């Protein structure tokens, strides 16, 4: 059934949270948001690079041409989207980056949900709880980065729309677990996502660090780590859906 509840649930929660959630102008809020953004950038960059690395094989099948193709495509995506990100304010760059991230995430989660058997009665509630916290963390990060960099969030709906788009792509693309082409699409999107999120993260973190005593401030790094752990919450909840979800969320 294509018209399913998980992507629509995420869309609803995101649009519910965005007008309701307000973040202060305290520096530690910016640092927490920067840590969460750093975690997402790390995930996106890791996925973007893992596909080319997996193709660096010459025996028993020569995949080197595909390896070179993947390197060129993902590198070009990173540079193109980084260039585009610097042309807009950091808040909108982050929203676009999260849009690419969510497209990939939607497709990967859908692939896991429709490929893996139900593991327990708690599987679906855990997944929905993960999507709630995932949407909440993204809205928080967007709000905080927009505040720290004084950005007008004109593109804020993009992340909400692209998650269902990625989920529905499961029905039109070849299987993620057995075909190279959807993995190449995901790696390209993740490369662009990493570029945009990293750019916005650095702009935000420079503001946070400057307000907390500089890069040598212990408080800055402590709250930054808190943000890294904040994003781990939805990750853990989604991974608890099934022990093998990890294989679908990491290319």
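The backbone N, Cα and C atoms fix where each Cβ goes, glycine too.
Per TrEMBL, the features are:
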- 6-21: transmembrane segment (TRANSMEM)
- 28-45: transmembrane segment (TRANSMEM)
- 57-81: transmembrane segment (TRANSMEM)
- 93-114: transmembrane segment (TRANSMEM)
- 126-146: transmembrane segment (TRANSMEM)
- 180-199: transmembrane segment (TRANSMEM)
- 220-241: transmembrane segment (TRANSMEM)
Outside the transmembrane segment (93-114), six or more residues from its ends: residues with CB under 8 Å to it: 6-7, 10, 37, 40, 43-44, 47, 81, 84-86, 127, 134, 138, 141-142, 145-146, 153, 155-156, 158-170, 173, 175-177, 182, 186, 189-190, 192-197, 199-201, 238, 241-242, 244-245, 248-249
Of 6-21, 28-45, 57-81, 180-199, whichever stretch has the most CB pairs under 8 A to the transmembrane segment (220-241): 28-45
Distant-in-sequence neighbours of the transmembrane segment (57-81), which means Cβ under 8 A and at least six residues beyond its ends: 48-49, 51, 96-97, 100, 180, 184, 187-196
Sequence-remote partners of the transmembrane segment (6-21) [C-beta within less than 8 Å, at least six residues beyond its ends]: 106, 109-110, 113, 127-128, 131-132, 134-136, 138-140, 142-143, 156-157, 159-161, 163-164, 167-168
